[in-house]
Amino acid sequence: MDRIFTNLNLVTMKTDLSTPNDGYQIIQDAMIGVTNGKVEYVGHSCPEIFHGHPDVIDCGNALVTPGFIDCHTHLIFAGNRANEFEQRLQGVPYQDIARQGGGILSTVNATRQASEDELYHLAVQRLEGLKRDGVTTVEIKSGYGLTLYDELKMLRVAKRIAKLPDMKVSSTLLAAHALPPEYKDKPDDYITLICDSIIPTVAEQKLADHVDVFCEGIGFSVEQCQRVFDAALTHELGIKGHTEQLSNLGGSALAASMGADSVDHIEYLDEDGVKSLAKHNTVATLLPGAFYFLRETQLPPIDLLRKHHVPMAISTDFNPGTSPIASLRMMMNMACTLFRLTPEEALRGVTCNAAQALGLQSSRGQISVGMEADFALWQLDSPAELSYRLGVPDLIARVVDGDVFYN
């Protein structure tokens with residue numbers, strides 16, 4: 001073993017449904033052995049193993065969890081929309097804001113004008129908040145370019161971020177985020193551009209792991225999203241969707257039936273849609289930050305998701321318009337207080353279920369032999385405190401592929 005971590009209270013989050021009353025899967029007085037960036041040993045402390053080993057890290061009775069995974073972000077963009085926040089609080093309708101040049105297209109304009117270097121440095125700054133909350137993997141979407149050139153630009157920035165030694169990145173193409181001004185009143189033509197030009201180029205250059213869509217009345221229709229999914233699957237890219245956020249169009253059921261790793265938002269999802277997620281083992285990603293920021297009232301169907309055993313992930317949805325909040329622990333708290341998840345469900349939502357939402361469940365999201373050695377060390381007594389307490393610097397360090405990065 002290259003490195004050994006001792007004297008820790010280990011929250012493995014192993015997906016073992018045979019012990020439903022111990023969902024945290026805690027091992028007291030535990031030890032982790034790491035070889036070549038992967039976990040080789042997990043269990044109770046064995047002094048005969050680590051005695052005399054040259055690289056032993058005494059964790060001082062720290063609480064250790066899998067590294068957190070923020071599985072839905074729009075981290076790369078330029079500009080901000082604080083002025084729209086003020087307008088909304090004064091009662092100005094979003095439609096009026098959009099007519100004034102605001103809304104998502106204001107972010108599109110700013111992002112198109114920014115260089116790759118500018119976008120990179122802005123995104124790296126935003127990552128700091130996620131790092132402080134124990135995040136070791138982040139998903140990053142495009143979607144503020146809406147041209148071939150600018151979508152590629154955003155995804156190249158995500159690839160640069162992935163070279164950081166202390167953060168792993170999963171990249172998602174979200175060209176079907178909004179209708180660009182160049183295609184006003186021509187949504188089918190824009191979908192053709194995505195399917196025939198953007199997706200093939202992204203796949204050829206290996207710039208994305210998934211393709212996402214915004215399936216809504218103010219976004220794209222179910223039929224248009226199906227075209228995008230077909231093109232993505234043809235080019236061997238995973239799929240996921242922004243679905244049932246504002247209405248129930250059936251986008252979640254479509255995405256699940258086509259093999260989506262996750263559907264996200266899902267406030268208006270009905271029981272038939274939930275059953276489809278369960279049938280196809282698709283994760284429901286909850287985004288309480290957007291729910292809170294937009295002062296929504298339609299709650300996601302948590303009881304139905306539990307009833308049908310659909311895994312629930314939690315993410316920040318970090319973006320300039322509806323969730324400018326770079327704190328995954330705040331999302332855990334909101335998921336508990338607003339959506340009535342338990343702290344155990346919240347922790348599962350940012351570890352093993354978040355890994356599944358990105359198709360990474362075989363390598364991340366739990367601490368077990370063979371998994372990547374990504375975990376977080378906390379100065380806490382109980383895993384419930386991760387959802388309970390906010391704003392206190394509880395993180396001691398993050399470990400990425402066995403390398404330690406102190407907070």
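Backbone N, Cα and C atoms are what each Cβ position is placed from, and that goes for glycine too.
Among Y144, Y149, Y183, Y190, the residue that Swiss-Prot places alongside N319, G321 at the N-formimidoyl-L-glutamate binding site is Y144. Cross-referencing H121, H242 with the Zn(2+) binding residues that Swiss-Prot gives (H72, H74, D317) picks out H242. Rounded to the nearest whole angstrom, the C-alpha distance between R81 (4-imidazolone-5-propanoate binding site) and H72 (Fe(3+) binding site) is 20.
One way to see the shell of the Zn(2+) site is to take the Cβ centroid of H72, H74, H242, D317; the remaining same-chain residues with a Cβ within 8 Å of it are T73, K141, D264, H265, L287, A290, S315, F318, N319, S323.
Across the structure, T322 (4-imidazolone-5-propanoate binding site) and H74 (Fe(3+) binding site) place their CA atoms 11 angstrom apart.
Contacts of H72 (Fe(3+) binding site) defined by a Cβ separation under 8 A and a same-chain sequence distance of 6+ are given as E139, K141, S262, D264, T285, L287, A313, S315, T316, D317, A357, in order along the sequence.
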